[in-house]
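S.K.: According to Swiss-Prot, the protein carries these features:
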- 6-26: transmembrane segment (TRANSMEM)
- 38-58: transmembrane segment (TRANSMEM)
- 68-88: transmembrane segment (TRANSMEM)
- 75, 78: Na(+) binding site (BINDING)
- 100-120: transmembrane segment (TRANSMEM)
């Protein structure tokens, strides 16, 4: 690991975190459901699936691009800790059904969107 690679992850991660801050601020909650977090996790999952789909289907994506976009940007954009805290808060507030919906929506949507991005990268 060299300093240039660390800088790529740092800049990509910072950019992703700023995008997350903006996007989750635009749609923070809808009837106690944390839409903003679902949006950023879904977008990051799709982008990461697309990036690795491009690589799988033969596009030569440089290590630097993978570090900046995959590890950095997508890592900074997505937020497992916020998802976990919001789910915990919903449970604490007695919103059990909403908490369960949040868990299923985040897990199923993000896995599906990685798959979709991967498949769409082939075209």
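Quick reminder: no glycine exception, Cβ is built from N, Cα and C everywhere.
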S.K.: Which number gives the other C-beta atoms within 10 angstroms of the C-beta of residue 78 (Na(+) binding site), all protein chains shown included?
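M.R.: So the number of other Cβ atoms within 10 Å of residue 78 (Na(+) binding site) is 24.
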S.K.: Give the nonlocal contacts of the transmembrane segment (6-26) in its own chain as ranges (CB under 8 Å, at least six residues past its ends).
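M.R.: For the transmembrane segment (6-26), the list is 36-37, 39-40, 43-44, 64, 67-69, 71-79, 82.
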S.K.: So for residue 75 (Na(+) binding site), how many other CB atoms are inside 10 Å of its CB?
M.R.: 18
S.K.: Per DSSP, to which secondary structure element type does residue 75 (Na(+) binding site) belong, with helix, strand and coil as the options?
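M.R.: Reduced to three states, the DSSP call for residue 75 (Na(+) binding site) is helix.
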